[in-house]
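*Asks:* Submitted below is the structure of interest, expressed as C-alpha cells.
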C-alpha cells in the first residue's frame, strides 16, 4: 500500500444518462469532491463507461499524474472490469481504482428525494476517497486448467451441455442421481407448442451421450464433496449399488419377468407399478437393471433367470467412491412439482380424482401406465368433464403457506397442451381451465393458446377456485369458482380435476449442492446467477456454471439454450489451458497468529491448513483455493488473519469517513 498522504486521487462522477443525474446534483457532487483531502482532480460526464468517457479518465491520469481513481457511477457488477481495464491501459494498477455505486444506492432509492440522493452520494464518495488512499496492488497467479468438466444432472440441460463440450474434445463426466439420464422430459408425452413426441426428440440425444467416446456417464450417483478452484476442482462422487453388473447386463428384461414383487413406480408418480428389479422406462440410458433392495426379498429368481454367465446379478455390490479432477463444473439439476397437498381446499391426496399435470402426463403418454388413456383413479373410467386449475403453488406472494411467489413459466402451456391432447383423444369431452392469467410468452405460444380456444373449444374461466368438494357416492368433484370477468359464482361438477402445479427446487438436493459448491441460492430456492442479465449462467464461484431449471423455472427451448451457454462458458478456460486468478485472498501475520485454528474451522472452501513453522503452529492459506469470503478474518481473535484488498486499515478509515458528519452532529448535541 502506498503512503496515504502522498497519493493523487481523481474523482469521476457519471450521469449514467439521466439515471443518476435526474436525482443526484452531479455538479454539486463534483465541487464537493474537489475539496476532499487527497483529491487533485474531479469531473463529471454523461457516460464514463463509453469510449469517450474512458478516454477522459485516461487523459486525466496522465495529465494530473493520478495514482488513484474513484469512479462514482452504477453497480460494480456491470462495469468494475470496464474501469479496471481503463486505468490499466493508462499505466495504473487496475486495483488502484475504487468504484462507488451512486445509481442503485443513491439515485434509484431516493428518486423523489434529490437532496438526500445528493448528500448520500457525497458521503459515499468521501468514504471511497479514504479507502482509495490505502488501496494496494493485488498479485495474480496463473494456474493450469484440467481438460475435463463435471456436469451434475442428466436431464435435457445436462445432456445438451455434455454433448456440446464432448464434441469440442473435452472429457465430460455426467453425474445423474437416478438410474438413467433423461430427467423430467422423459416423462412427457409431447412438447408444446409443436406437439413433438418428447421421447422422439430426447432419446436420440440420450443415445448420443451413451455412445460418445468423450462422455462418461456416472448414473445412480451423487456428488458428495468438491474441493479446489477453477481449473483444478477435486470431486468426490458416491455411486450407489445397483446390485447388477453394468458391464454384464444387456437389458434383456428376463429378470423383471420372473420377479414376484410389484411396487408403485416412482417414474410414473405412483400411478403404475414396477418390479423390484427394474429399468425406469424402456429407452433408459444406460439400459441396465437396478434392484430396489428396500423391496427385494432376495428370492434369487432374477439371478437364476439371468442368461449371462456368470449372472449379472450381484447382491454383494457396495457403494463405490469415485474421485475426479476437473477444470470446470456445470450444475444442471432439475425440479419437482409443488406439493399440492399443502392446499387442503383442493383435496389432493384426499380425493382420488384430484391429480397433478405431471401425473396426467404419464396417463396421456402411450408408454405410460394407462397406455395413453386418461382415467379416473377412483374407478378406472374415462372422464367426460375435466377441470384444470392453473398456478397451483405459484404466484402466491405473501402467502408462503399457499405456495411460491414466483411464476413457474411453463404451467399454463403445460395445461393448454394436455387440454388439447384430451380433446384430440375425446372430442366430446368438456374441458375447463380456471386461470388467473394465461402467460403464453414464448414463440408460437399465443397461437397455441388461441388454438385451444377456437379449434378445440377449451373453456376458460378467469378465477382461482376457492375449494373442491367430493361427492362421496359418485366420487365426482364440485369445483367452486367465481368468474372474475362476469362476477358470476360457479359450481362445476367434474369427473377429474387436474392441478397445474408449479415447479420447485428439491430442497435436500439444492441445499446440499449449494454447501458443497459454495454457490448461492435465490429467494425462490433455485441457484443464483452472478447477474440476471449479463451473467445468467455464471455463479459467484468462478468455474461453476448453472443451466436450465437449476437457475429457475423455464421451458425446454430456454433450458437447451442456457445449457449451450453454460457449455460455452465452461469451455473458455479449458480451451485456453490456463487461467489467471487474482489473489484477493486471506493473508496471515505469522508473528501474531496464535495457532488456535478458528480460521480453518470456519473456512467454507478448506483453503486454510494449520502447519508447523519454526516450532510454532500457524495458519497457512492456499491462495488458489481461497475465494476471499473473509470469514476467517472475522473469526480470528488475534487479528492475524486479514483479507488482502479488504484489510482493516483500508476499511476502518472508509467507515469512519462515511459516518464523519453523523458523528460530528452527535458530538455537537
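Including glycine, each Cβ sits where the backbone N, Cα and C put it.
Because the structure is a prediction, the values reported are computed rather than measured.
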*Asks:* Which of these, 197, 299, 306, does Swiss-Prot say binds [4Fe-4S] cluster 1 at the same site as 249, 252, 255?
*Replies:* 306
*Asks:* Using only what Swiss-Prot says about [4Fe-4S] cluster 3 binding by 593, 596, 599, identify which of 501, 629, 636 is listed for that site too.
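*Replies:* The candidate from 501, 629, 636 that Swiss-Prot ties to [4Fe-4S] cluster 3 along with 593, 596, 599 is 636.
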*Asks:* For the domain '4Fe-4S ferredoxin-type 1' (239-270), DSSP counts of helix, strand and coil?
*Replies:* 8 helix, 5 strand, 19 coil
*Asks:* State the mean pLDDT for the domain '4Fe-4S ferredoxin-type 3' (584-613).
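*Replies:* Residues in the domain '4Fe-4S ferredoxin-type 3' (584-613) carry a mean pLDDT of 93 in this prediction.
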*Asks:* Take the C-alpha atoms of residue 296 ([4Fe-4S] cluster 2 binding site) and residue 255 ([4Fe-4S] cluster 1 binding site) and report the distance between them in angstrom, rounded.
*Replies:* 12
*Asks:* Just give me the nearest neighbour of residue 599 ([4Fe-4S] cluster 3 binding site) among the binding-site residues 153, 249, 302, Cα to Cα.
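*Replies:* Result for residue 599 ([4Fe-4S] cluster 3 binding site): the nearest of the binding-site residues is 153.
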*Asks:* Going by Cα-Cα distance, pick out whichever of the binding-site residues 153, 156, 159 is nearest to residue 596 ([4Fe-4S] cluster 3 binding site).
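*Replies:* Given the candidates 153, 156, 159, the nearest one is 153.
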*Asks:* In whole Å, note down how far the CA of residue 249 ([4Fe-4S] cluster 1 binding site) lies from the CA of residue 171 (FAD binding site).
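*Replies:* Checking the Cα atoms of residue 171 (FAD binding site) and residue 249 ([4Fe-4S] cluster 1 binding site) gives a distance of 25 Å.
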*Asks:* Around the Cβ of residue 165 (FAD binding site), how many other Cβ atoms lie within 10 Å? Please give the count over every shown protein chain.
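*Replies:* I count 26 other Cβ atoms within 10 Å of it.
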*Asks:* Within the domain '4Fe-4S ferredoxin-type 3' (584-613), count helix residues (DSSP H, G, I), strand residues (E, B) and coil residues, in that order.
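*Replies:* Output for the domain '4Fe-4S ferredoxin-type 3' (584-613) reads 5 helix, 9 strand, 16 coil.
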